[in-house]
Amino acid sequence: MRSGLAETIQRSMANITVPNTRLNTNSKAIPLLGFGTAEYPFGSSDNVRECLLDAIRLGYRHFDSAALYQSEQPLGEAVAEALELGLVNSREELFITTKLWCSDAHGDRVVPALQTSLKNLGLEYVDLYLVHWPVCVKAGEYELPVKKEDLLPFDYEGVWKAMEECQQLGLAKSIGVSNFSCKKLEKLLSISEIPPAVNQVEVNPLWQQQKLRQFCNEKGIHITAYSPLGAKGTLWGSDRVMESEVLQEIAKAIGKTLAQVGI
Ligand SMILES: NC(=O)c1ccc[n+]([C@@H]2O[C@H](COP(=O)([O-])OP(=O)(O)OC[C@H]3O[C@@H](n4cnc5c(N)ncnc54)[C@H](OP(=O)(O)O)[C@@H]3O)[C@@H](O)[C@H]2O)c1
């Protein structure tokens, strides 16, 4: 985004406060509007740091990263620069999430994987560390889609115990999961000492996840919605949300863009 445009939008956003909510860990509140950092193909842009810095200028304080996305390093650089420029007063003002990739979903690899992510981010802790998928593949691969021949059984107890250790060590203020169904969450809850604070899943007007949302609500697990616009132009998404005639009519009727309706 050009900085002139960013400055104009920043001025218009000056009085906007993003609502937030407390997680079950009762640590820092999570802003309900976050900035995703997955681009497809991963790591294909060279201006990610500048985009993220613009996002901070615009008022975003919640950033969603992952070991897979190759966005940890530019995010860390943007955070360091934002602090240097005084766009934020302290690291505490930001809510940073990153995720454990499937090839590190082995009990003995979880803590080292988070330590690597923290090194990439240049941070001492993340606000939220998520198990990216309830999937395990052989160590060493960081690619999507995962190869069928690399799949291994997912070790709920070993992985979650190590996730709990991440929180106990102070490397993650909260821990959670992503792409977990009700059944998988039930299984996790039955073996966990620290329940997951968040389940990050796809939610958009065409995929509303009502059963999962109700389940998570009852269990005190916060749902973070990803791909609110249907992830058009990516490997995992489609045009269905952005091309929906019903959503176009709604947007027109209320004087908003279709993207605003989706979010
Ligand atoms: N946990 C997980 O497994 C998981 C999976 C997917 C995503 N996520 C997270 O969720 C974030 C967002 O999801 P997403 O990137 O998959 O999908 P999304 O936000 O639904 O869609 C992103 C696409 O929407 C288009 N777009 C963005 N703003 C727009 C606007 N104002 N008007 C029209 N089109 C617009 C862009 O397409 P063009 O570039 O073609 O214009 C962009 O590539 C990711 O960055 C990531 O952090 C997590």
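Backbone N, Cα and C atoms are what each Cβ position is placed from, and that goes for glycine too.
Since we're looking at a predicted model, the values are computed, not measured.
Features of the protein shown, as given by TrEMBL:
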ACT_SITE  Tyr69  active site, proton donor
BINDING   His132  substrate binding site
DOMAIN    33-239  domain 'NADP-dependent oxidoreductase'
SITE      Lys99  site 'Lowers pKa of active site Tyr'
Fewest-neighbour residue among recorded positions, criterion Cβ within 10 Å, set Lys99, His132: His132
Pairwise CA distance, the residue listed as 'substrate binding site' versus Lys99 (site 'Lowers pKa of active site Tyr'), rounded so that it is a whole Å: 5
Other CB atoms within 10 A, centred on the residue listed as 'active site, proton donor': 24
Cα-to-Cα gap, the residue listed as 'active site, proton donor' vs Lys99 (site 'Lowers pKa of active site Tyr'), nearest whole Å: 9
